[in-house]
Amino acid sequence: MTRRPWLVGVTGASGTPYAAAILRGLIDAGEDVDVMVSQAARLTLLDETGRGVRDRHWREDLSAWLDRDVSALRYWPATDIAAGPSSGSYRTKGMIIAPATTATVAAVATGVTHNLVQRAADVTLKERRTLVVVLRETPLRLSTLDNLRTLAAEGAVIMPATPAFYAGARDVAALVDFLAGRVLDLCDVDHDLYLRWAGTLGAARSDVEWEARVDQH
Ligand SMILES: Cc1cc2nc3c(=O)[nH]c(=O)nc-3n(C[C@H](O)[C@H](O)[C@H](O)COP(=O)(O)O)c2cc1C
């Protein structure tokens, strides 16, 4: 059977934990995954985790970062414009850019692409495949809003990195998992990353039991 991976492009916005949670979710679901990491993303990864991703040592580096067996993953250097995802004939299920910078959003929106992440996203759009863009920037200038509008008009799903609080997250990792879970929902990938809304106000609150205990004293 033809391998049909999810492409995951990690770009140099703050928010590398989102990338890690999404990649783990895809791996845990048994999905095929191709990873691309922009040059700037190496800096944010270093800044936020103290880890590096080296093209020649990507297996060790990704496995240490993700705490997963990455032997089934495919890794493409972001400078390799001749890589598989550069062509529409390379079969994929679609692409997730997480976190996405305003720079990559601009490049994809205009079609003036300079690296493999941008080219792969350009190809994903032209082939009418799923493209999820997890933008991380605030506030937003008008040109970014215009670029996001262009991408949305072409079928991309714009998924700002804004976790919600209704799922009862008790720590930052749970907020990250919430966002990752919503991204996987868009890709129709099964996961157990957050508690889904089931129609009852307060059902996920962790303080309800606590309040009941306090009332007894
Ligand atoms: C530590 C650090 C954090 C950054 N955070 C953001 C961010 O949250 N959003 C953003 O759009 N750019 C951010 N940038 C700037 C981008 O990395 C920069 O525009 C870069 O050229 C983007 O390249 P890329 O899109 O190919 O990864 C950050 C840069 C650094 C060094």
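Keep in mind that glycine also has a Cβ here, set from the backbone N, Cα and C atoms.
Around ALA103 (FMN binding site), the same-chain residues at least 6 positions away in sequence with a Cβ under 8 Å from its Cβ are THR11, GLY12, ALA40. In the three-state DSSP scheme, ALA103 (FMN binding site) falls into the helix class. Positions annotated as FMN binding site by TrEMBL: GLY12, ALA13, SER14, SER38, THR101, THR102, ALA103, THR104, ARG136.
The feature dimethylallyl phosphate binding site is assigned by TrEMBL to TYR166, ARG182. The secondary structure of TYR166 (dimethylallyl phosphate binding site), as reduced to three states from DSSP, is coil rather than helix or strand. TYR166 (dimethylallyl phosphate binding site) is surrounded by 15 other CB atoms, counting those within 10 A of its CB over all protein chains shown.
What TrEMBL lists as domain 'Flavoprotein' is 6-185.
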For this session: Could you list, ordered by sequence, which of these binding-site residues: SER14, THR101, ARG182, have a Cβ under 6 Å from ligand 1?
Result: SER14, THR101
Exercise. For SER14 (FMN binding site), what residues in its own chain, 6 or more apart in sequence, show a Cβ-Cβ distance under 8 Å?
Worked result: THR44, GLU48, PRO99, ARG136
For this session: Compute the centroid of the Cβ atoms of GLY12, ALA13, SER14, SER38, THR101, THR102, ALA103, THR104, ARG136, then list the same-chain residues not in that set whose Cβ lies within 8 Å of it, in sequence order, for the FMN site.
Result: THR11, ALA40, ALA41, THR44, PRO99, ALA100, VAL105, GLU137
For this session: Provide the three-state secondary structure of ARG182 (dimethylallyl phosphate binding site) computed with DSSP.
Result: helix
Problem set entry | Chain-internal residues near THR101 (FMN binding site), provided their CB is under 8 angstroms and they sit 6+ positions away | THR11, GLY12, ALA13, SER38, ALA40, ARG136, GLU137
